[in-house]
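Annotation source Swiss-Prot lists transmembrane segment at 24-44, 76-96, 100-120, 137-157, 193-213, 225-245, 262-282, 289-309, 314-334, 369-389.
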Amino acid sequence: MLLMLSQWLQGLSPEFGFFRVFQYLTFRAVMAAMTALLIGLLAGPKVIRMLTALKIGQPIRGYAMESHLSKSGTPTMGGVLILGAIAISTLLWFDLSNRFVWVVLAVTLGFGAIGWVDDWRKVVRKDPEGMRSREKYFWQSVIGIVAALYLVFCISENSNARVFELFVTWIQSGFSMDLPPQAGLLVPFFKEVSYPLGVLGFVILTYLVIVGSSNAVNLTDGLDGLAIMPVVMVGASLGVFAYVTGSAVYSKYLLFPYIAGAGELLIFCSAMAGAGLAFLWFNTHPAQVFMGDVGALALGGALGTIAIIVRQEIVLAIMGGIFVVEALSVMLQVTWFKYTKRRYGEGRRLLKMAPLHHHFEKSGWKETQVVVRFWIITMLLCLIGLTTLKLR
């Protein structure tokens with residue numbers, strides 16, 4: 001919005017030439033981060049008071065850790081603060097004509113809406129289950145598949161008209177079409193190694209990455225500050241990849257596929273980092289507010305969508321290794337429990353408690369130890385992910 005305003009002012013008179021600074025992506029990225037940070041810090045206390053007044057407190061289930069029982073009643077659904085700060089800051093600072101940012105915003109707010117309904121049912125309607133799993137996955141799948149069908153052609157072409165033409169051609173050809181190299185699966189640490197996916201393969205991969213990332217972040221969000229800081233670090237790192245991928249010069253030098261317009265995602269990533277740090281101010285131990293599903297599902301979906309656009313799905317799995325391991329710990333725990341119950345008549349557990357962060361708590365780690373150590377691991381994983389920019 002401010003970019004368009006600056007361009008309009010420059011057209012009116014040469015005296016407004018200093019507004020040329022708005023043309024620089026890096027300047028707008030810094031301003032987006034600062035704007036989201038300030039919005040979050042200033043609005044945070046008011047949002048917390050509002051959630052407290054509405055009695056939107058976190059319910060603690062009976063099988064939870066004893067040390068968590070004192071958290072019962074802490075305001076939840078604080079993710080609305082994060083999403084609000086991200087949306088306002090992004091809309092202010094990004095190029096409104098950029099399709100990729102609109103897609104990420106739509107996916108983020110769509111998953112946020114799913115999380116909001118889930119939280120609302122748990123907290124207000126006093127339904128401990130919230131949205132049923134099938135219902136939640138259905139709506140996640142709808143958003144994921146729609147986003148995938150658009151992105152598969154959007155990444156292949158630079159104009160909306162051509163995107164529609166490609167979609168029609170794909171249908172007329174019997175759902176069979178070759179995609180350009182930039183739509184392939186990139187393998188990190190190797191020069192120009194890209195596996196062609198085809199339309200169906202791209203859609204399936206996109207669906208799995210977006211929905212999987214969303215749920216993985218949600219499963220990680222179980223301790224004060226545990227999920228939000230890794231989201232900030234991974235999001236900021238993806239912003240670097242977006243900047244490189246969207247630059248014809250840097251992408252050619254670093255042997256990355258050039259995707260016109262992808263660089264504008266740096267604005268969204270910066271806003272997400274700023275909003276996340278603002279939320280951490282209130283979410284650090286002992287937390288004054290929890291993000292709830294409205295925040296966790298949305299942020300995870302955003303990370304997955306950005307990774308798809310900049311073609312860094314595997315790197316996302318590396319940098320977001322904590323999210324991956326947390327999700328796998330739940331799946332393995334449930335699978336092993338069901339298998340042993342059928343085979344031996346009683347369910348057995350691989351971990352003392354899932355997700356993994358609760359296993360470490362049961363093993364004697366303090367909550368703050370788990371959180372900070374997971375942060376350190378994420379920082380190292382993000383550095384490894386960033387080395388793929390040059391080590392190829």
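Positions of Cβ are set from backbone N, Cα and C atoms, glycine also.
Only pairs six or more apart in sequence are counted, and the transmembrane segment (369-389) with the transmembrane segment (76-96) gives fewer than three Cβ pairs under 8 Å, not enough to call it a contact. Contact between the transmembrane segment (262-282) and the transmembrane segment (314-334) does not hold: fewer than three of their C-beta pairs are under 8 Å, each pair 6 or more apart in sequence. Taking Cβ pairs closer than 8 Å, the transmembrane segment (314-334) reaches residues 185-188, 209, 212-213, 215-217, 219-220, 230, 233-234, 237-238, 241, 300, 303-304, 307, 349-351, 354-357, 359, 374, 377-378, 381-382, 384-385, 388 in its own chain, all 6 or more past its ends. Long-range Cβ contacts of the transmembrane segment (289-309) within its own chain (Cβ-Cβ under 8 Å, at least 6 residues beyond either end) map to 44, 47-48, 51, 58, 74-83, 100, 103-104, 107-112, 114-116, 118-119, 130, 140, 143-144, 147-148, 151, 155, 205-206, 209-218, 220-221, 227-228, 231, 234-235, 238, 242, 259, 262, 265, 268-269, 272, 276, 279, 282-283, 315-316, 320, 323. Sequence-remote contacts of a segment are chain residues at least 6 beyond its ends whose Cβ falls under 8 Å from one of its Cβ atoms, and for the transmembrane segment (24-44) they are 2-3, 81-82, 84-86, 88-90, 92-94, 239, 243, 263-264, 266-275, 277-279, 281-282, 289.
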